[in-house]
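Heads up: the structure comes next, in structure tokens.
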Amino acid sequence: MATCFWLRSSGAQRLGSTFPGCRLRPRAGGLVPASRPAPGPAQLRGYAGGLAGLSAALLRTDSFVGGRWLPAAATFPVQDPASGAALGMVADCGVREARAAVRAAYEAFCSWREVSAKERSSLLRKWYXLMIXNKDDLARIITAESGKPLKEAHGEILYSAFFLEWFSEEARRVYGDIIYTPAKDRRALVLKQPIGVAAVITPWNFPSAMITRKVGAALAAGCTVVVKPAEDTPFSALALAELASQAGIPSGVYNVIPCSRKNAKEVGEAICTDPLVSKISFTGSTTTGKILLHHAANSVKRVSMELGGLAPFIVFDSANVDQAVAGAMASKFRNTGQTCVCSNQFLVQRGIHDAFVKAFAEAMKKNLRVGNGFEEGTTQGPLINEKAVEKVEKQVNDAVSKGATIVTGGKRHQLGKNFFEPTLLCNVTQDMLCTHEETFGPLAPVIKFNTEEEAIAIANAADVGLAGYFYSQDPAQIWRVAEQLEVGMVGVNEGLISSVECPFGGVKQSGLGREGSKYGIDEYLELKYVCYGGL
């Protein structure tokens with residue numbers, strides 16, 4: 001838990017504080033809403049057609065630190081993955097900007113922690129309402145920078161906004177305890193207090209929702225944040241900063257430092273090793289998560305991490321084929337297969353295998369349409385970059401070379417270098433890359449199995465365990481398998497399981513902690529035991 005000390009000004013607006021441990025000078029008027037200068041027109045000239053006509057206030061290109069929009073010494077380009085067109089040039093923050101953002105967040109924390117839960121709740125609710133009022137523009141930003149189909153982008157904005165709504169309500173439900181001790185003259189109190197400044201590092205596949213799921217909980221708890229968005233999708237984070245400012249979130253409470261891939265490593269290390277940071281929250285690859293854990297270890301920071309997955313999708317003989325296919329379509333091809341909870345391997349019992357594969361292939365051909373995310377009817381957009389396409393292509397070629405059969409798809413799409421055909425493979429075996437390497441693309445490999453025990457063994461062989469799915473009509477089997485799968489989340493006869501009300505997270509090397517739900521706010525709170533004697 002952070003203790004606040006006086007820091008020399010880093011140029012950020014400071015907040016007053018009544019917290020006795022914080023020796024920052026109070027400001028007249030109390031909390032100071034973030035200022036909102038207009039964006040520089042020179043930075044906006046490069047936007048492609050997907051962003052044309054959007055509110056200039058939402059199309060930000062500078063960092064947002066201490067309530068101010070600040071340029072960096074350099075900029076980096078952000079591209080539309082569908083067309084390759086330049087969307088704009090964004091501030092390329094470095095270590096200096098990262099440290100300034102942490103200082104701004106630390107100074108703001110000393111007052112934000114003292115704001116009443118009711119007021120924090122009200123501000124988060126205003127932020128939520130502004131997201132809803134601007135949902136169409138926010139969705140277009142997501143589609144432009146990530147390639148996600150516009151319909152899915154609209155869904156993400158609602159999902160993202162709902163986290164702010166949820167945590168605006170949870171802010172008022174942070175309760176402590178009173179414990180009666182064996183000694184009659186004592187009472188024991190358990191207090192919950194905000195942990196401090198949180199470093200928040202988010203991925204490109206859900207550039208809005210992965211921010212609000214973390215930041216909503218942090219701000220509700222009384223923490224402040226420094227957000228480092230993915231270099232592919234910084235515009236969503238910056239648009240959220242503008243709306244946070246409009247909502248009256250005080251200066252320094254929400255800070256955003258975009259940076260290029262070249263600077264990402266040093267910026268991430270700077271914010272994660274800074275002694276003023278008390279918490280790290282990260283969503284991304286297991287490899288990067290392990291690096292951040294090393295950074296956290298030196299100063300024993302609190303961490304929560306949602307890392308890679310290898311989600312099994314099991315279809316037992318008793319399953320309803322149509323339901324299983326519908327679930328497979330939803331769990332595999334959302335965001336073109338680029339989610340951490342996408343089904344990565346399909347385990348189908350021998351008795352139902354042929355019927356499932358046939359129906360799955362038919363559903364893919366009938367319902368999946370590859371195209372630009374802005375085109376009506378598109379269900380499968382581009383992958384985020386050509387490196388992602390190469391990974392899918394490598395897995396397909398490896399599987400075919402080892403005996404797998406391509407049922408449909410199997411190659412790059414004619415639309416462009418970042419597009420790949422939705423692909424279904426059968427005759428897949430466990431020695432193939434696609435069964436033990438997270439795909440993050442539109443590839444569905446099917447493994448035939450004989451017994452329940454065999455399916456469980458295959459599913460649990462992975463060293464990660466984020467999500468798992470299975471279809472069965474046998475009640476006893478449902479209980480057995482749900483309890484035996486080594487994952488943090490299980491979908492039983494359901495392919496879409498994410499909800500703001502439910503805890504999201506994994507086991508094994510899929511991460512630490514939970515996000516969303518009533519448990520999410522606890523990731524940003526410390527327990528303090530107070531023994532009150534002499535009664």
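Backbone N, Cα and C define each Cβ position, glycine as well.
If you check Swiss-Prot, you get these features:
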ACT_SITE  Glu306  active site, proton acceptor
BINDING   Arg213, Arg334, Ser498  substrate binding site
BINDING   Arg213, Lys228, Pro229, Ala230, Glu231, Gly284, Ser285, Thr286, Thr287, Thr288, Gly289  NAD(+) binding site
DISULFID  Cys340-Cys342  disulfide bond
MOD_RES   Lys126  N6-succinyllysine
MOD_RES   Lys126  N6-acetyllysine
MOD_RES   Lys135  N6-succinyllysine
MOD_RES   Lys184  N6-succinyllysine
MOD_RES   Lys265  N6-succinyllysine
MOD_RES   Lys265  N6-acetyllysine
MOD_RES   Lys365  N6-acetyllysine
MOD_RES   Lys402  N6-succinyllysine
MOD_RES   Lys411  N6-acetyllysine
MOD_RES   Ser499  phosphoserine
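Overlay of Swiss-Prot feature records on the structure.
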residue	record	Cβ contacts under 8 Å, 6 or more apart
Lys126	N6-succinyllysine	Ala247, Gly248
Lys135	N6-succinyllysine	His154, Ile157, Leu158, Ala161
Lys184	N6-succinyllysine	Leu535
Pro229	NAD(+) binding site	Thr202, Pro207, Ile211, Ser236, Ala237, Leu238, Val256, Pro258
Glu231	NAD(+) binding site	Phe76, Val78, Trp204, Pro258, Cys259, Ser260, Arg261, Ala264
Glu306	active site, proton acceptor	Phe282, Thr283, Cys340, Leu466, Phe504, Gly505, Gly506, Ser510, Gly511, Glu515
Lys365	N6-acetyllysine	Thr408
Lys402	N6-succinyllysine	Thr429, Asp431, Met432
Lys411	N6-acetyllysine	Glu393, Val396, Phe420, Glu421
Ser498	substrate binding site	Tyr159, Val341, Phe504
Field: Spatial neighbour of the residue listed as 'phosphoserine' that is closest, considering only the binding-site residues Arg213, Ser285, Thr287, Gly289, Arg334 and their CA atoms
entry: Arg213
- request: Give me the largest Cα to Cα distance among Arg213, Lys228, Pro229, Ala230, Glu231, Gly284, Ser285, Thr286, Thr287, Thr288, Gly289, the residues the record lists as binding NAD(+), in Å as a whole number.
  value: 22
Message: Counting other Cβ atoms within 10 Å of each residue's Cβ, which of the recorded positions Ser285, Thr287, Ser499 comes out lowest?
response: Thr287
Task: Using Cβ-Cβ distances, find the residues under 8 Å from Arg334 (substrate binding site) that belong to the same chain and are at least 6 apart in sequence, listing them in sequence order.
output: Glu152, Cys342, Leu496
- prompt: Around Lys265 (N6-succinyllysine), which residues of its chain at least 6 apart sit with Cβ under 8 Å of its Cβ?
  reply: none
- request: Express the distance between the Cα positions of Thr287 (NAD(+) binding site) and Arg213 (substrate binding site) as a whole number of Å.
  value: 22
- line: CB neighbours within 10 A of Gly289 (NAD(+) binding site), counting all protein chains shown, number 22
Query: What's the CA to CA span in angstrom from Arg213 (substrate binding site) over to Ser285 (NAD(+) binding site)?
result: 18
Message: I'd like the Cβ neighbour count for Arg213 (substrate binding site), meaning other Cβ atoms within 10 Å of its Cβ, all protein chains included.
response: 28
